[in-house]
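Notes for the one structure printed next.
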Amino acid sequence: MIDVNNFEYMKIGLASPDKIRSWSYGEVKKPETINYRTLKPEKDGLFCERIFGPQKDWECHCGKYKRVRYKGVVCDRCGVEVTRAKVRRERMGHIELAAPVSHIWYFKGIPSRMGLVLDMSPRALEEVIYFASYVVTESGDTPLDKKQLLSEKEYRAYRDRYGSTFQAAMGAEAIKKLLQDIDLDKEVDFLKEELKTAQGQRRTRAIKRLEVLEAFRNSGNEPSWMILDVLPVIPPELRPMVQLDGGRFATSDLNDLYRRVINRNNRLKRLLDLGAPSIIVQNEKRMLQEAVDALIDNGRRGRPVTGPGNRPLKSLSHMLKGKQGRFRQNLLGKRVDYSGRSVIVVGPNLKMYQCGLPKEMALELFKPFVMKELVEKGLAHNIKSAKRKIERVQPEVWDVLESVIKEHPVLLNRAPTLHRLGIQAFEPTLVEGRAIRLHPLVCTAYNADFDGDQMAVHVPLSSEAQAEARLLMLAAQNILNPKDGKPVVTPSQDMVLGNYYLTLEREGAIGEGMVFKDANEALLAYQNGYVHLHTRVAVAASAVNNATFTEEQKSMLLLTTVGKLIFNEILPESFPYINEPTNSNLEKETPAKYFVEKGANIKEIIASREEVAPFSKKILGNIIAEVFKRFKITETSRMLDRMKNLGFKYSTKAGITVGVSDILVLGEKDEILHEAQAKVDNVIKQFRRGLITEEERYDRVISIWSNAKDVIQGKLMKSLNKRNPIFMMSDSGARGNASNFTQLAGMRGLMANPSGRIIELPIKSSFREGLTVLEYFISTHGARKGLADTALKTADSGYLTRRLVDVAQDVIVREDDCGTDRGLLIGAIKEGNEVIESLYDRLVGRFARKTVKHPETGEVLVAENQLITEDIAHIVENSGVETVNIRSAFTCNTRHGVCKKCYGRNLATGTDVEVGEAVGIIAAQSIGEPGTQLTMRTFHTGGVAGDDITQGLPRIQEIFEARNPKGQAVISEIDGVIAAINDVKDRQEVVVQGEVEARTYAIPYGARLKVIPGQKISHGKELTEGSIDPKELLKVTDITAVQEYLLREVQKVYRMQGVEIGDKHVEVMVRQMLRKVRVSDAGETDVLPGTLLDIHQFTDANAKVLLQGKQPATARPVLLGITKASLETDSFLSAASFQETTRVLTDAAIKGKRDELLGLKENVIIGKLVPAGTGMNRYRKVDLVKTTQDDMNVENDEVYVEQ
């Protein structure tokens, strides 16, 4: 079978009039659509069956031929071909225009392509095309210039003076004549000469013209094709007309627009035949031009054509643009069959890989499978009776459904799908009711809760799709978060609380110091009330089934609690017995202090020891990560299920509740508030005496109240009983934190007003005491602003993710090793003295570029190109090594992607990244998904200049869009020493003395200096506080410095908010922003100066001329913001579906661009498999080979080694 979708590239260009005629099946001559009485299409009209094909399958217009046997017959009465009705989706017609008409995209776009080709201004073009002025097309032997504009009056005067020696005309015909006269080769040569001398604006104009002319010359498009002689008419099914219930018709706007064109065209033909006066003809031509403009892009010029109710009509361009356009609505996202959605409820008894599917939904989703099975089992004679059985829901259907559903995973998706964990696969189990049951542990990944959330179900149909869902998407496989490689399935809320309660210790609990021969005996004692879960007891170590105990330890007693015995039973045997929440206990073994000799006085030893802290959420997360590291996926998911069950069971048994009596108001609160008030009064006194400024007074008042709140918070936390239910909830990490507590029992503290400025009157009451009316009113500001911000933030963050995905969607792991000799030198990221991201975090899962040696002993810690694991990273960090040279995406040489070595470990699996992994999209999701957690606006802590640097989401946008930052820092362009800091008028100037020259920098008013005289400074370093503009930095330094700066800044924003993201994700994005260069001098290559080129294209062009011994081109690297970078991509399909659709398509058509279909988006658009993952060619060409016994033996050996 021929594969329709197997084409290599897609090309777009201008259509010549002949090409348009060759597409067409006939000319549309009349504006009629459908006859209102017979409801049949009118002949030669917009829905004509003769042109576009029959309305009913195998039936001509007049009914002479019906049935499939006349296939291909053309009816002799009505001229309709007997064929399928769906040809009405593909057959085009055309309109022969009575006068040439300009295409608005090429005339009106920015820059005007027609204007660039003719070297005329868009204003002049508009005057000619819309019949306001004449243009000289042939000057003859008159003093007139070609392309000179003449008004009506001037034209008449010249006609009288020179007669017919010159030619001038109006409208698109005149422009067409000029376009036909142009000699591309001559113009291009002339412009290339001009470029050698031209400067400033003339140079930019010349570069733009050269680009367009070269495009026409290389693509084989004729410039005159920008003027239309023939207008194509799209197939009628794409602009349908449907009858509504009231007998009225609803029609697509395009039909109205086509009707206006046909009416005006026919009227113009008639006027020309009649030989009407030129002024009438001109007016009609202008109206035809406007009608065609409206059809192609309504509203681009002048007022849009409106339909009933003053609604602008949707033209052809609008059909492509925006979220509702063809690209984003129908090509990039389609609605699919075999899907359903319902409300979710919790399924606490499900296994990690299961979900509960409502019976009726499952029956509908798996209908075809059930039908096939019914027929195969002989329960139904044919498909039709099987279908009837299902529709009547007969009892035998359910048994068949059960068997069909086994081993057939389904996909569950929750919107918004912010990262790849928003769609996971589960094995369905049938449940009663109409709600989908979801495993509680996957809620974190979906960000789901059960307050009415809904989820969608999709069924993978083919066996390949099922296999992929099972192997790659099963919930039990997705334990780690792709953004940081930490477990994403940590228990939350009840589960945390239950495990916390289970591992509590309590001094003097019932039965303290009892000794048991094994865990069962201890449990028996607990069930009969002799001991409590929290009782500290001793158990014979030999009876605790743990492989990490030494022989000596096994002969001793283990001090623990009954709860911890229960808790440790969920862990694998070879895992240490966890008795205290410390890393050494987790990673190595149970500390020796918990083992005592048999016969020792157990009660005394226990009584002399402090209580050990219970296991909070963080510890549970560490346990999961450690288990995952040692035992891989299956064991981890089993352990998670056991942990979940324990948590639910014991949070139920604990019966932890919250009552008003649990909130005890602090006694010393009034005293602290009095002290603070006295300090505030003192500050106000100082201000009134003029000792301090208004700003200082404000800042001091704010800090006094903040400190008072902190003191209250500290004392409150100390005074709390460790058994206080609210404390237990917050301490375990189940719900709430210290600040909630302070607000309940201490004081609410300072609030911000709607503009973000902090109100200096604090709220002194707590919720327990109750607020005054004024305090309540002040509180509402903050609450309302919080809600408004959240709504805005979600939209902003979603748009950021969309732009990130778009710029990185074609970054795929393409090869094993690119063989680069460059690397990235990394150290810990610091802000002042605070470490934002440690060297350890940056090293794990990367390949070393150069050998790392111990600074003192010289011993090799990491060899070149070796993977740095957690253990190696610890050793490197502890050895005192400050910087390491690693392989990085920044320095990778792979085209259209990265290689395995430069990318390093895949964070989502903890193993090497596979060739075909779509790392670009994963990077975009990892950066975009936490976007909603970042704060929105800058907080103003009073008007201290320089402190208002942007943070949170706006800062991330600023970085990725490469905008000039707010509060920009001045940077030094040279290496040198700060020679002096001078005061000039009301500003300061910094003089930097280099080896050769001195530079003077004016410091903006209000900026704070970072340097002092005599200090050494290197180029690209800041002289003042603030953010550096990356574009400036690129001018002064090199690409590496800019890459490192952007990486550091992004990490700063996220880490400050407590969000961890792997460096490699940011690296992938930043690399995409720096992949273009701007050609400054073309040398002897055929690239054009001033154009943006991909680095690889540029090096290829240079390599070609260097081999011939010619002069290579030179270029500067360019930093593009992500929006700009997406639009500059080589793929026009990807760019057009992103933003500015018409501009991208206009440009691509003129250049005759080829889309090589390398990225993911382009392939989704044309309906091919994406070239990533199993869609890559190297995986598609796999053949099945019969295995022999020898192969089996080899494979078994390999498997054995891996264990």
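Cβ from N, Cα, C; glycine included.
Some features that Swiss-Prot has for this protein:
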type	residues	note
BINDING	Cys60, Cys62, Cys75, Cys78	Zn(2+) 1 binding site
BINDING	Asp449, Asp451, Asp453	Mg(2+) binding site
BINDING	Cys818, Cys892, Cys899, Cys902	Zn(2+) 2 binding site
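Shown on the structure are the features that Swiss-Prot records.
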{"residue": "Cys60", "record": "Zn(2+) 1 binding site", "Cβ contacts under 8 Å, 6 or more apart": "Glu49, Pro54, Lys66, Cys75, Arg77, Cys78, Val80, Glu81, Val82"}
{"residue": "Cys62", "record": "Zn(2+) 1 binding site", "Cβ contacts under 8 Å, 6 or more apart": "Cys75, Arg77, Cys78, Val80"}
{"residue": "Asp449", "record": "Mg(2+) binding site", "Cβ contacts under 8 Å, 6 or more apart": "Cys443"}
{"residue": "Asp451", "record": "Mg(2+) binding site", "Cβ contacts under 8 Å, 6 or more apart": "none"}
{"residue": "Asp453", "record": "Mg(2+) binding site", "Cβ contacts under 8 Å, 6 or more apart": "Val343, Ile344, Arg414"}
{"residue": "Cys818", "record": "Zn(2+) 2 binding site", "Cβ contacts under 8 Å, 6 or more apart": "Cys892, Asn893, Thr894, Val898, Cys899, Lys901, Cys902"}
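In this view, Cys902 (Zn(2+) 2 binding site) is surrounded by 31 other Cβ atoms within 10 Å of its Cβ, with every protein chain counted. Apart from the site residues Asp449, Asp451, Asp453, the chain places the Cβ of Ile344, Ala448, Phe450, Gly452 no farther than 8 Å from the centroid of the site's Cβ atoms, the recorded Mg(2+) location. Most other Cβ atoms within 10 A: among the binding-site residues Cys75, Cys78, Cys892, Cys899, that distinction falls to Cys892. Summary of the Zn(2+) 2 site environment: with the site residues Cys818, Cys892, Cys899, Cys902 set aside, the chain residues having Cβ atoms within 8 Å of the Cβ mean position are Glu815, Asp817, Thr820, Arg887, Ala889, Thr891, Asn893, Thr894, Val898, Lys900, Lys901, Tyr903. Within 8 A of the CB centroid of the Zn(2+) 1 site residues Cys60, Cys62, Cys75, Cys78, the other residues of that chain are Glu49, His61, Gly63, Lys64, Tyr65, Asp76, Arg77, Gly79, Val80.
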